[in-house]
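What TrEMBL lists as transmembrane segment is 67-86, 93-119, 139-165, 186-205, 211-232, 334-353, 373-391, 412-429, 449-473, 494-517, 537-555.
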Amino acid sequence: MEDPLDHKGEIKEPLLSSSTTKGGLRALIFIIVNEAFERLANYGLSANLILYLTREYGIDAVNGAQILYLHSAATNFTPFIGAFLADTYVGRYFMIGFGCIACLLGVILLWLTTIIPGARPPPCVQFHDSCESASTLQLLLLYSSLGLMAIGAGGIRSSSLAFGADQLGKRDNLKRAGILESFFSWYYATVSVAVFLAMTCILYIQDNLGWKVGFGIPVVLMILSTLSFFLASPIYVKSKAKAGWLDGFARVLVASFRNRSIKLSSQVTDDVYHHRKGSRLLVPSEKLRFLNKACAIRNPTEDLIPDGRASNPWSLCTVDEVEDLKSLIKVIPIWSTGVLMSINVLQHSFIVLQASTMDRHITSKFQVPAGSFTAFQLFSSVIWIALYDRVVIPLASKIRGKPSRLGLKQRIGIGILSSSAAMAALAIIESVRRKTAIEEGFYDDPNSVLHISALWLLLYFFITGFAEAFCGIGQNEFFYTELPKSMSSVASNLFEMGLSVSNLIASLLVTIVRNFFKGNDQESWLSSNINKGHYDYYYWLLAGLSLANFIYYRACCKAYGPCKGQEGNTTDGGEALTDED
C-alpha cells in the first residue's frame, strides 16, 4: 500500500504534490461525499417512511413500526457482514462500489412505487371503512427496495471509515500526530450534517411536494454518491484483502485446546513462543493466559519446519495470532456498554409522539414537524465535535504546554454518563408535559396540542448530542486502534453493529414495560394514550439503567487495562491523557 505520509509522519497534500500521489486529503473528500450523500438518501427516505406505509399501503402503525425496526436492525447489521467480506475476501474498494450500486437500485425501486399506479394499493375511498390491502407482489416490491437499501448501506458503511483511514497512511504515525482522532470526529460530523438535512429539508419536501418529488430527490443524491466514489478511483489507496483473521482465531482456539495439558511457567521469558519473523511481539501478554498455550513451542524439531514456520498451524500459532484474538475478546465488554448506551438514543418514536402534543411553533406561521425534532441531536453532536476539536483541545494544549487530548476510555465514559443525564432530563420534561395535559383537561385526548413549548425537548437533544460526540466517536476510534489491522473494516463497524443489537433490545424492553409495568389506574406506562401512560417513569427507568451501565463500564475499563500506547501509564507520545489520569 502506498504511504501518503512523508518520512516525518506528516501528510503530503496530493493537491499540491505530483499527480501520481495516491491517497491523502484529496481522496478523502470523495469518500466522505459518497458517504454523506448515501446517508442523505437513506435517511431522507426512512425519516417519513412510517407515514408512507400507513397512508399509501394501508399498513397499521404497529405493523409499520415493526417493519421499520427490522429494516433499521438490518441496516445496522449488514455493515458488519460487509466489513468481514471486505477485510477477508474482496477488499474495501470493491465493497463500497457494490454497496453504491445496490443502494441505488433500492432507492430507485422505492421511488417507482410512487409513480407506477399498480405498485401500491389504490387510495382509500372517503367515508368507506375498508381499504384494499397491498397485494403480495406490491409488498414484494416494497420489501425488495428496503432490502436492497439495507444491503447497499451495509456495503458503503462497512468500509467507508476504514477506507478513508487507509488514505492517511500508517496507524502509528497517525496516532502520534492526532490526525486519526480529527478524521474520525469530522467524518462523524459530516455524516451528522447529512442526516440532519435529510430529517429537515427532505422531510419538508415530502410533506409539502408529495412522495414523487420527495422520494425522487434521494434517487438523485444516490446517483451523485455513486459517481463521487467511482470518479476518484485512480487516486485511491486500495489495500488488498488479507484473508485469514477468522481462520487465525479458529486456529488459536483449536491449538489452545490441543495444548491444554501444557503447563506454562509463571515467568513468561522461561518459555519459548512461536512468533513471526520480524515481529515485535516475542512473548504473549499475561491476560487470558490460557490462550498462550496455542503459541508455546513444546518440541522445536517437531513443531517447526526448517524455515521457522509451524509444521501444523492448527497445533502451533504465532504470538501475533494469539494477541489478535485476545484483542477481540477484550473489547467485547467495552462494546456491550455502547450497546446499552445506544438504547437511550433509540427512543425517537416516543419523543416524536411527545413533540406532536406540544407547541412546535418557532414563529406564528412556522412550526417544526414533529419528526424533525430528532435532527436537533445531530446538530448538537456537530457543535460539540467542533467545540472539542477546535476549542477544547487547543486550549488544553496551551494550558499544559504540550499537545493534549482526552484518552479514548475517558471520552467513552463521559458519553455514557451523559446519556443517563439526558434520560433524566427527558423524564422531567415528560412529567411536566403530562401534568399540563391533565390540568388542561386533555387526559382522554392524546392528540390535542398543549400550551407547552416543544423546545424544552432541545435540552434532551443537547445532552444526547454531547454523549454521542464523545461515546460514539470514542468507541469507533477505540475499536479501530485496539483491534488488529487485518480487522480494520470490522473494527470501524462494531459500533454500527451495536446499534442493530440495541434496536432488538429496545424492542424487547418496550414489550416488557408495556405488558408488565402499570400505574395505579392499571394503565401501562407505555399506553397508546400518552396522557394516560407514564412515559416519564419509563425514562427514569432508562436513566437508572444508564447509571448502572456506567458503573459496569468502569469495571470493564479496569479489567481491560491501558490502551495501546499507554502501557505503564505513559501518554501517547505526550499527547493524550491516560484513562487513569
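Backbone N, Cα and C define each Cβ position, glycine as well.
Sequence-distant contacts of the transmembrane segment (537-555) (same chain, at least 6 residues past either end, Cβ-Cβ under 8 Å): 334, 337, 340-341, 343-344, 347, 350, 412-413, 416-417, 419-421, 423-424, 426-427, 430, 513, 517, 519, 525-526. Only residues 6 or more beyond the boundaries of the transmembrane segment (412-429), in the same chain, are considered here, and those with a CB under 8 A from a CB of the stretch are 334, 337-338, 341, 344-345, 347, 351, 354, 406, 456-457, 459-460, 463-464, 466-472, 474-475, 478, 536-537, 539-540, 542-544, 546-547, 549-550, 553-554, 557. Among residues of the same chain six or more beyond the transmembrane segment (494-517), those with a C-beta under 8 A of the stretch's C-beta atoms are 69, 72-77, 79-80, 157, 331, 335-336, 338-340, 342-343, 345-347, 472, 475-476, 479, 524-526, 537-538, 541.
Ranking 211-232, 334-353, 373-391, 449-473 by CB pairs under 8 A with the transmembrane segment (186-205) puts 373-391 at the top.
Sequence-distant neighbours of the transmembrane segment (449-473) (same chain, 6+ residues past either end, Cβ-Cβ under 8 Å): 184-185, 188, 338, 341, 344-345, 351, 354-355, 357-360, 368, 370, 373-374, 376-385, 388, 411-412, 414-416, 418-419, 421-422, 425-426, 429, 432-433, 436-437, 440, 442, 495. The transmembrane segment (67-86) makes contact with the transmembrane segment (139-165): 3 or more of their CB pairs lie within 8 A, with pairs spaced 6 or more apart in sequence. Tertiary proximity for the transmembrane segment (93-119) is limited to same-chain residues at least six positions away from its ends with a CB under 8 Å from its CB atoms, namely 34, 38, 41-42, 45, 56, 82, 85-86, 138, 141-142, 144-160, 163, 211-212, 215-216, 218-219, 222-223, 225-226, 229-230, 233, 236, 238, 489.
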